[in-house]
Amino acid sequence: MKNTAVTFKESKLRNEKLTMLTAYDYSTAKIIDEAGINGILVGDSLGMVCLGHEDTLSVTMEDMIHHTRAVTRGAKNTLVVADMPFMSYQTSVYDSVVNAGRLIKEGRAQVVKLEGGIEVCDKIEAIVKASIPVMAHIGLTPQSVNAFGGFKVQGKDKEAAKELIRAAKAVEKAGAFAVVLECVPTKLAELISKEISIPTIGIGAGAGCDGQILVYQDMLGMYSDFTPKFVKKYANLSEEMNKAFTKYIEEVKDGVFPGPEHGFKISDDVLEKLY
């Protein structure tokens, strides 16, 4: 069954947990799609895990369109959500609609995601009015890392917690069909999930959310620069890849690879005519 913004909301009504992972290329998207994951986020996290930047701020619209287009070719039943990169929507309502439209039209995404609470509700409303579904994102919003002073848990004191509750209700009212809660205390995220009717997708927000999302390189043990506390590693592919690469080097140097079975034959008759 094809996952859509509508089926996400229906899953919450049925109390069925939603699953999401990031992807940035065709091959990974195809594997994730075949596994039955509900949603793929083409995240601006690609700036860190794919392009080697220290944060997400350097990612451009062209980067997002390029990677989103690749992902949508591999995702047949999985909902594809494209991140709106830094400064693609903060500048004006007009810019937010235009750039959201580019991610849908050129990137072929089904949904766009933007970070922020009450301060971006005018953008959410305008994008939704343009018939583009929006996934909101509150709590730790990586594009605001400089304002936060680093990657820190949000909503730990009374006022900050109340502000997150207000933000969740505001983005719902603005028309978002779902909201990501990032690095929010578990009990607060559970409370927010009960307070709003749209699905909450948690990342570092505990099991009380309506769904979960992880960066796939994190959960597969492929990104060694930094592993957040909230990540569970389901594999250690970095180690396995290193072993495979080392073995490849050894076999090439020792003349073991390629073997006869990896080559193509030519008849002796043809070969003799070459001399």
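A Cβ is built for glycine as well, from the same backbone N, Cα and C atoms used for every other residue.
What Swiss-Prot records for the Mg(2+) site is Asp44, Glu115, and among Asp25, Asp83, Asp95 the residue it adds there is Asp83.
The record gives Asp44, Ser45, Asp83, Lys113 for 3-methyl-2-oxobutanoate. Within 8 Å of the mean position of their Cβ atoms, the other Cβ atoms in that chain belong to Leu41, Val42, Gly43, Leu46, Thr56, Val59, Met64, Ala82, Met84, Pro85, Pro142. Looking at Ser45 (3-methyl-2-oxobutanoate binding site) and Asp83 (Mg(2+) binding site), their Cα atoms lie 9 Å from each other.
Counting only residues at least six positions away in the same chain, the Cβ atoms of His137, Ile138, Gly139, Leu140, Thr141, Pro142, Gln154, Gly202, Ile203, Gly204, Ala205 sit under 8 Å from the Cβ of Glu182 (active site, proton acceptor).
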